[in-house]
Structure formats: C-alpha cells, structure tokens
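Participant: Provided herewith is a single structure, encoded as structure tokens, for subsequent inquiry.
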Amino acid sequence: MILKSAFIGLLSFVALIQANVSPASLVKPEPGTFSQGKRGAAVSEQSQCSGVGVDIMKDGGNAADATIAMALCVGVIAAYHSGIGGGGFMLVRVPNAKGKGHTYEMIDFRETTPAAGNETMYVDNPDPTASTIGGLAVGVPGEMRGWELLHQRYGKLPWAKLFQPAINIARDGFIVGKSLAGKLNETAFPFLTADPLWAEVYAPYGRLLKEGDRCFRPRFADTLEKIANGGADVFYHGDIAANSAKAAQERGGILTTTDLANYTAILRTPAKITYRGYRIFSTIAPSSGSVVQIALKIFEGFPGGAENNDPTINVTTHRLIQSNKFGYGVRTLFGDPAFTANVSTLEAEFLTEKAAAAFRAKINDTHNFDAQYYDPENFIVLNDHGTSHMAAADGDDMVVSLTTTPGQVNSFGFPASPTNFIRPFKRPQSSIASTIIEDEKTGEFRLATGSAGGSRIITATLQNIYHVLDQKLTPQVALQQGRWHDQLSGTTTAEERRATQCLLSHPIQIPDLQLGLLGVDNRTVDFLANINYNMTFVSPLDLAEGHTLADAAISANGISPFIARGGEDSSKSSSVDVAKMNNYVQLIGALNYDLRLAPWDIDIFREMSLFTIPIPRGELVHPLFSWMIVALCTEN
C-alpha cells in the first residue's frame, strides 16, 4: 500500500521534531502588496480547508494567501497527502499593471537530495525498503520555502495570519474522516502505535483512531505557531532544523542542518504552447507539465471534437492515448535542470510543430506498439503517489494552482532513467503538471487544472483539457467521463469501469458506485483491444490499489450550473440553486472535492432558483481520487 512508505519515508521526522523546540526571534516577512479582490473561489480536498481559503479572501486576502492557508490546513488534517515536510510545484497567473495581460510564474519547491546522497545509496543497502522507509528516505523539504516565496511576491495578508486557522485546527482537534481512518488502517507497520510520538496523535487511546474520533495535534500546532511568528527561517534553522536532522540520522538518514539551511525554492518560467485557439501554460522539469503539452501538440494535428457517440471516437481515443505514450517516452529524458544537460532545450524542441509532426507520423491508426516503440531508451516510468492539489482564484484575476506531496514513493528508489539518478542536492522528477489556459485572442482566463494521483496526474490533466477544449463538454459532463491511463510501465492500458463488466470473456467485478460516472464505452474498449491494447479495468474509486485517474481544475466557461459538494466530512447530499448573473463565482464540484463560494457577494445573484441539482454523497469517495471544476466568471 502507498501509505506504509509515504508516512515513514518523509513524514516521520516532522512528527519527531514537534517536541522541545525553542521560540524563534527572527522577524516575520513583510507581506507583499496586491489590490483587494471582491470575489473568489477556493478548493482543496478537505471541506474544512476550503472554508479556510474562502475565509482568508473574505478577510482581504488574495488567491496566494488563500492557497497558503489551505495548504497548511490540509497538512494538519491529511498529512498523508501534504505537509511541511514535503514539497511540490505551483503555477501562478498574475495580472500585469494597468490590466495589460498577465505574467505566469512557476515556483519549484520540490524536495532535494541531502548533500551526502549518491546513486548507490539504495542499491548497495541490504534493506530493500531503505528508499521508502526510515531516515535514509528523508529528503530536504521545500514546502515552507515555496510558500514563503509565493507570499513575498504576491501575499497580501500578514504571514502569521495565514497560519492561524491551521494552528487552531491542530490544537482544537478535527474529526477523523473516512479518508484518514482508511489510511491509518492501511498502514502495515506498527510505528503508529509503537512510537510514542506517533501514538500520541493517531493512537491516543491505545488503538488507532477511527472515523468520527477527534484528532489533536498540539505539538504540531506549537511548531506552526513558531514558524508563523518567526518566518520560514525558523523551520530551516535552529531547534526545528536540528531536531529534523537528528530524527533522520537516528534512523539511518543523512539529512543535516546544513542541508536544511541551504535549501532554496526556485522561480522558473513555465512552458507555453498554443492549442486550438488557446494558450496553455504549464510547469517544466523537474515536473511534468511539458509532458502534457507535448501530448497535446501531437494530438492537435488530428480532429479532436468527436462526441462520445460518434463512430470516430474510437480512433480519436486511440490517437490521444498514442500521443500520451510518446509524451511519456520523452519524459524519461527530463530531470532536474541543474543536473540534466540541455533539459530546457529538449523541452522546447519537443514542443515544436516539427517534433509534434514527427511523433504524429509514427502513430498507426490500426495498431498499438510495445513500450520501447515510444521510449527508445526503454527506461522505466515509475509509479508515484501521495499528492494533494488545491487552487484559488480571486476577483482580481489572480489564479494559483498548487500540487504538493509529502514524498512520492519510488521517486528515486528503483532503476529508472539516468536523468533521475540520485545526486547531492538534486530534485527528483515529478508527475505534477499544474496548468493554466487562456484564450489566445483575448487573453481571458479559461481553465486551470491540476491533479492528485501520482503518475496518473499526467493522463488525468491531459484528458480534462481534451474534454473541455476539444469536446466542448460542460464542466459537469467532463467530470463524468471515464478515464484511461498508460505510462509505458508494462504493457497494459487501464480503463475505468463503473459496474460489473464482461468483455472479451474476461469478467471484471467492480461495485456500482452510483455516482453517475459514465465509464469508458465498451465499443471503444473493444476497438482498442482489437488493435493490440492489453486492457486492464479499474474502478474510478479503487481505493485499495490507487488506480483511480483523478483531476482538479478551476475554469471560466460562462453561465453554467452551480454544483456544491461537501468534503469527506459531509453527512448528506447537497444542492444549490443555479443562477444567471453578472460578476459571480461559479462552483462546480464532484465527488469529494469541496468547493466554497465566497458568500459576501450573495447580493449580486440574479434570477435565482432556476433549478437545483442534488449531488449524492457516495460512500466510496476518497479525496485523492476525486474530480472537480471551479469557475471564476466576470461580466456575463
């Protein structure tokens, strides 16, 4: 299971440092300046944390402030997905002065290898779990430096104010939801009950917490309070840093206080392509946004608007999968730009029309090939897991899309492309693909998409863009589409199925989710199977194996229904009225992502109560494997 590695591999030292930290005397960073917005939308995997994001904007904050506050909150409630001991990437769209266009920036706060790391540190280790469990699996966390950089550049509220909601939740406690309870029970190792510091939080009564219990994290609240008062430097220097290094070293790790002191977040220029009348911005290596863009450029040469009941949908799906497979093949050449020669040049070259045409010419409409056809180097594309996506948009047209992880399984630990071999200070390649899309002619914001789900982030993001831009589906219909996944690791292509299926004499037993998910049409699956695809069927919410193909987005599509969906703490179905209005925030949610409308602009709603759409709760919902879209609209 995923958690048994992720919990220990990069989170364990965070749990240990929460005791015996001394007050800091550093000056907190000054907030940046940004004009106040009136409306906004915030989304995360946790209902309570989405509410935190909205409250921050109500208090005068912007999208950057809301994103930081939500990330801190998710780190308290869902430490298996996010936390101050991890890292990630974010893509930021900021309006330029005097309303002339927008600037796009990428903040890279990915974890790095400690200075003593080397490419044989796991190969020569007799412990086969050393790359995922224990001190040697601990990298240098970048989360706090990433938030600091975002806040210094664009934050509006004081740094400390963004921490207060998470501090309060950690100290006052939160109700254990289905997701956390499930993760605790999935953990095969006894550290949650055997280690006093873990047991204090997750097994305070001599047993693991269960759904409905209240979880308290007072030591973590103390840690957050010190960082809130003293700034990010408090985390990377002094007692917290010393305790972090000590905890890792006592368990065989190589993390040092010098590693922590030397960590920096990096400001990068995102990649940009044009696609069917849109400009698409996405994160570059060591993330995988450019992989999505490469697939899109290849696919752009084919007609893309086939409806699901159109006979051409079969070959269209095949072409999209093939485009994706060539993107995954190229991904093996990408890595940390500081260590991978010419990676920026390679990304740029693979995004050209010439390269797209060359890949496209290799696509055979009647045949699927083995992995080496798409990846001549034939390196392994690893599975990685344990991410959380969140996004915020404010009334001033600022959008932040952030994906964070507490440490992804197998980021470095098994044979893979040489571009991802371990080196001191190196950032492992990630599947994260935060993307923002605008209209090519007007520059208006259209879609921001990101995803949780590890290596499935790439295919989830690609398909979400395809459904919205190519098929012109409404957001709620786009969310219901069945997903496929193929990452060149093995010979199979995964297809989502909703219920018990029998195809090609292979019975597939999957429970009916009763959530309106369409699944992949049997005719398309038959077509793919007949042209040399080895199909594997998975449930959209296959919690046991993590096979769900999930995404998340913020989009602007004009007038559409509002659909509100509570987080994992929801106890019943929810519905909201559909309204036609000027200057409104449109929220479209699905499954377990929680979406919140900034309520202080309720007075602008016009022509209310046209109709309502109830959303069933769905007991099998898990936040890592959910889909949602939020839309921020201006003049009608």
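Glycine too: its Cβ is placed from the backbone N, Cα and C atoms.
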Participant: Per TrEMBL, which one of Gly86, Gly134, Gly454 shares the L-glutamate site with Arg110, Ser430, Ser431?
Facilitator: Gly454
Participant: I'd like to know which of the recorded positions Thr387, Ser430, Ser431 has the most other Cβ atoms within 10 Å of its Cβ.
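Facilitator: Sorting the candidates by Cβ neighbours within 10 Å, the top entry is Ser431.
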Participant: Under DSSP, is Thr387 (active site, nucleophile) part of a helix or a strand, or is it coil?
Facilitator: coil
Participant: How many whole Å apart are the CA atoms of Ser430 (L-glutamate binding site) and Thr387 (active site, nucleophile)?
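Facilitator: The Cα atom of Ser430 (L-glutamate binding site) is 11 Å away from the Cα atom of Thr387 (active site, nucleophile).
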Participant: Tell me which of the binding-site residues Arg110, Ser431, Gly454 ends up closest to Thr387 (active site, nucleophile) in space, Cα to Cα.
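Facilitator: Given the candidates Arg110, Ser431, Gly454, the nearest one is Gly454.
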